């Protein structure tokens, strides 16, 4: 949970969920689950996968 190499590191920043707008969240997880069910889900090529803009880190 820091910028250096660690035993555990988040692939995605913590982001708030808006109950009225869950399409992106559901779509992302549905895609990951579909890829995993086909045996094609792999580890991220870099960490974090997504920049922390608009997350709790930069508010």
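Note: Cβ is positioned from N, Cα and C throughout, glycine not excepted.
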Checking 18-38, 39-59 against TrEMBL, the stretch recorded as region 'Disordered' is 39-59
Checked against DSSP, the composition of the region 'Disordered' (39-59) is 3 helix, 0 strand, 18 coil
